[in-house]
Amino acid sequence: MTPGSRSACRWALLLLAVLWPQQRAAGSGIFQLRLQEFANERGMLANGRPCEPGCRTFFRICLKHYQATFSEGPCTFGNVSTPVLGTNSFVIRDKNSGSGRNPLQLPFNFTWPGTFSLNIQAWHTPGDDLRPETSPGNSLISQIIIQGSLAVGKNWKSDEQNNTLTRLRYSYRVVCSDNYYGDSCSRLCKKRDDHFGHYECQPDGSLSCLPGWTGKYCDQPICLSGCHEQNGYCSKPDECNCRPGWQGPLCNECIPHNGCRHGTCTIPWQCACDEGWGGLFCDQDLNYCTHHSPCKNGSTCSNSGPRGYTCTCLPGYTGEHCELELSKCASNPCRNGGSCKDHENSYHCLCPPGYYGQHCEHSTLTCADSPCFNGGSCRERNQGASYACECPPNFTGSNCEKKVDRCTSNPCANGGQCLNRGPSRTCRCRPGFTGTHCELHISDCARSPCAHGGTCHDLENGPVCTCPAGFSGRRCEVRITNDACASGPCFNGATCYTGLSPNNFVCNCPYGFVGSRCEFPVGLPPSFPWVAVSLGVGLVVLLVLLVMVAVAVRQLRLRRPDDDSREAMNNLSDFQKDNLIPAAQLKNTNQKKELEVDCGLDKSNCGKLQNHTLDYNLAPGFLGRGSTPGKYPHSDKSLGEKVPLRLHSEKPACRISAICSPRDSMYQSVCLISEERNECVIATEV
């Protein structure tokens with residue numbers, strides 16, 4: 001058996017097993033009769049005779065469909081006999097097995113109708129106790145007939161029947177066979193606990209699912225409480241198995257993309273980055289300052305791209321991370337040439353002669369002493385007790401003795417070098433940084449370090465190049481010589497590139513050349529198919545000539561009868577031409593007539609008059625132009641008068657003479673025939 005047929009059989013069995021518990025069966029049940037006591041005090045038979053030595057009694061039971069009047073016939077619902085149960089009067093005990101079983105069982109295999117007829121007969125046998133019904137000489141003691149209705153149920157219905165000789169006490173009921181339920185024992189249900197279903201049967205035959213199962217046929221397990229309906233499933237109760245892409249005890253957590261570092265997902269295989277992270281796998285730190293706090297001593301950290309940052313140091317600190325503490329005297333706090341002495345937590349200024357104060361800021365000189373240097377202007381104050389110098393640009397100090405150094409505030413970030421340019425300053429940045437203060441990080445790939453079309457990747461330790469086929473080296477600067485391009489397979493100055501394998505190459509052709517090796521020029525147009533075009537044109541011309549010849553032949557054939565008629569007309573005498581009948585006085589009758597015409601010796605002057613559909617009644621009385629009265633004796637007859645003509649079949653006594661003309665313009669081709677009885681003249685269109 002093929003795998004397909006085995007699968008089909010498996011599904012067929014599954015369908016049969018699922019539908020089997022609910023099918024409507026024919027029914028199956030048992031009519032039970034319990035005999036309790038029989039009394040025959042006198043030991044008499046039904047015929048009035050006594051039993052000798054006593055009535056050895058057995059019973060015959062016949063169960064059949066309901067009959068208003070019980071009649072003899074087959075026991076349609078079943079029958080049963082008992083062994084000898086006693087003599088004359090006796091009590092019948094219940095017995096569940098062996099001979100003499102009580103209650104008596106009458107099984108049936110149909111839907112219980114609810115009504116019945118029951119015949120109970122008591123018999124006396126002189127023969128065998130175990131099979132008395134087969135013994136000869138059995139005699140009837142008594143019989144009772146019960147007709148009525150009985151519903152299926154476990155309760156017994158008791159009754160007692162008495163007559164003049166006997167008394168019988170009994171009870172009966174109808175119960176369904178195993179696996180059959182309902183009011184008529186027609187509902188089949190078999191409890192089961194397997195992969196086809198997990199249920200028990202209710203008293204009415206309906207299914208009652210076992211704990212943990214649900215569905216019409218109790219074949220669907222109840223999953224763990226809270227298990228996601230779409231993302232989880234179960235094959236047995238209290239279980240939660242996750243579908244691909246989901247995880248967690250309740251299958252409500254999606255699985256992110258493999259390699260996702262700092263991201264989450266809302267659908268499987270997604271990587272949505274957390275705040276401060278970027279990249280395909282959320283592994284690029286966009287908020288390095290927050291995650292790592294690289295700046296020390298209270299300095300301010302500023303993010304400048306993936307893994308990039310800048311530390312702005314507080315006064316007294318320096319370094320890339322502001323990790324270096326400056327000397328207290330580094331800011332030159334002492335003025336007017338005072339010397340600074342650095343202590344652990346402070347400093348001290350040693351003032352030169354003529355100055356005093358914490359920073360030597362006070363002078364004992366006056367403007368008269370010309371204390372201002374480098375062109376500074378002195379201004380008296382405090383009533384001559386002190387002075388102030390107004391310094392020119394690029395100089396500072398209480399006496400304008402210091403040249404302004406614009407780099408003292410360390411304005412250049414990321415280790416940049418500050419250059420003092422007089423009234424301004426510039427920052428010389430380290431490689432990888434730019435900006436006025438070297439605050440911007442430059443991608444290592446911005447300089448396009450990869451040669452020959454290599455792809456640059458900006459990594460933490462520097463750029464990395466992915467080289468195209470045919471090149472290698474850190475910057476893709478080395479051409480691989482052991483490849484298909486080494487032999488120079490490309491022509492006409494084309495550039496050769498190694499393919500994906502060493503034996504493959506691709507030629508990049510210059511303008512004007514094509515082909516796998518650029519060996520074909522494209523300047524010349526392809527040759528025109530003159531032979532094919534010429535042959536096609538010749539066939540068309542030949543066909544046109546044949547058509548023209550056929551048309552000409554047809555025209556010649558059509559014109560030949562007209563030429564013959566014109567020739568005959570030209571041969572007529574003037575008298576014959578003048579006596580032609582105009583076409584306006586002829587009428588076509590659409591009747592076929594056959595005339596016998598005598599055309600004399602000149603047969604060309606008369607056309608055939610046979611089979612022409614003409615009205616021969618308009619010619620009489622016509623007098624042609626130039627004709628003489630009396631030449632035609634009957635010419636004075638009315639045009640409307642109809643004179644019958646003799647047809648060929650009438651065998652006229654005369655022969656008809658006709659004059660024919662094919663004139664095209666004023667006259668039609670006609671034959672003029674005399675209307676006289678003997679001459680039979682008539683005009684007809686030819």
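Keep in mind that glycine also has a Cβ here, set from the backbone N, Cα and C atoms.
Annotation source Swiss-Prot lists domain 'EGF-like 1' at 219-252, citing sequence analysis. According to Swiss-Prot, the feature domain 'EGF-like 2' maps to 256-283, an assignment based on sequence analysis. Per Swiss-Prot, domain 'EGF-like 5' is recorded for 363-401. Annotation comment: Swiss-Prot describes 481-519 as domain 'EGF-like 8'. The feature N-linked glycosylation site is assigned by Swiss-Prot to Asn79, Asn109, Asn162, with experimental evidence given as support. What Swiss-Prot lists as site 'Interaction with Notch1' is Thr111, Tyr217, and the listing cites experimental evidence. Per Swiss-Prot, topological domain 'Extracellular' is recorded for 28-530.
On the structure: features taken from Swiss-Prot.
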{"residue": "Asn79", "record": "N-linked glycosylation site", "DSSP class": "strand"}
{"residue": "Asn109", "record": "N-linked glycosylation site", "DSSP class": "coil"}
{"residue": "Asn162", "record": "N-linked glycosylation site", "DSSP class": "strand"}
{"residue": "Tyr217", "record": "site 'Interaction with Notch1'", "DSSP class": "coil"}
At 10 angstroms around each C-beta, which of the recorded positions Asn79, Thr111, Asn162 has the fewest other C-beta atoms nearby?
Asn162
Using a 10 Å radius on the Cβ of Asn109 (N-linked glycosylation site), the other Cβ atoms enclosed count 13
Overall pLDDT for the domain 'EGF-like 2' (256-283), taken as the rounded mean:
89
Neighbouring recorded positions, C-alpha within 10 angstroms of Asn162 (N-linked glycosylation site) - of Asn79, Asn109, Thr111, Tyr217:
none
Under the DSSP assignment, what numbers of helix, strand and coil residues are found in the domain 'EGF-like 2' (256-283)?
0 helix, 6 strand, 22 coil
How many other Cβ atoms are found within 10 Å of the Cβ atom of Tyr217 (site 'Interaction with Notch1'), counting all protein chains shown?
20
The domain 'EGF-like 5' (363-401) - residue tally per DSSP class, helix then strand then coil
3 helix, 13 strand, 23 coil
Between Asn79 (N-linked glycosylation site) and Thr111 (site 'Interaction with Notch1'): CA-CA distance (Å)
18
What does the structure give for the C-alpha distance between Asn109 (N-linked glycosylation site) and Tyr217 (site 'Interaction with Notch1')? Integer Å is fine.
26
Take the C-alpha atoms of Tyr217 (site 'Interaction with Notch1') and Asn79 (N-linked glycosylation site) and report the distance between them in angstrom, rounded.
39
